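**Q** As annotated by TrEMBL, 3'-phosphoadenylyl sulfate binding site applies to Arg44, Ser52, Lys169, Gly170, Arg171, Thr172, His173. Annotation source TrEMBL lists disulfide bond at Cys152-Cys164. The feature domain 'Sulfotransferase' is assigned by TrEMBL to 33-189.
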Amino acid sequence: RNVMPKTVDGQITMEKTPSYFVTNEAPKRIHSMAKDIKLIVVVRNPVTRAISDYTQTLSKKPEIPTFEVLAFKNRTLGLIDASWSAIRIGIYALHLENWLQYFPLSQILFVSGERLIVDPAGEMAKVQDFLGLKRVVTEKHFYFNKTKGFPCLKKPEDSSAPRCLGKSKGRTHPHIDPDVIHRLRKFYKPFNMMFYQMTGQDFQWEQEEGDK
């Protein structure tokens, strides 16, 4: 609370910490602080998310074992190691269950990480509606950066260069054994289905991965 800016009446204050969603104590603490708070969760295909998580760690610790080694308890038996945080974070249904003990679904907006890339203005329209804001951010505020592979922000009335996320975003993922990806998809599928059911939203992660 001490590091937060002062908020005046009629102003919306936002704060972002990715670990909230997967921290068991967070929903209770947030509820006791502000039970009417609006929560926004950005989710993406859990398989891609796990590989991205590993890529981030690898950039800081090049000596860590391969993704394939970390992903399995037993590679021969194909047992996925769900205790590895890169895997566990993507079991969204499990984490959401914890939040729904304290907050109604109407107070939570789930943003698709995939749609945020292909249609940033569309996803931002939902965010602005959810927060009760006028739709100020529109298509004209985005420019797709082919090098990075995702949209960057620009001020339409300004000639300055678009603002893009830093070097830590858009890193090239290492090659992962296709068999490992297939096993991970199978592992996540029932959890994804549960998540779709809980949220009333189909994020089409199976379809997108060609896993019919």
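Glycine too: its Cβ is placed from the backbone N, Cα and C atoms.
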**Q** Can you give the mean pLDDT for the domain 'Sulfotransferase' (33-189), rounded to a whole number?
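**A** Averaging the confidence scores along the domain 'Sulfotransferase' (33-189) gives 89.
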**Q** I'd like to know which of the binding-site residues Arg44, His173 has the most other Cβ atoms within 10 Å of its Cβ.
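**A** Ranked by Cβ atoms within 10 Å, first place goes to Arg44.
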**Q** Ranking the binding-site residues Ser52, Thr172 by other Cβ atoms within 10 Å, which is at the bottom?
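**A** The binding-site residues Ser52, Thr172 were compared, and Thr172 has the fewest Cβ atoms within 10 Å.
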**Q** Taking the Cβ of Cys152 (disulfide bond) as the centre, how many other Cβ atoms fall within a 10 Å radius?
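**A** The answer is 16.
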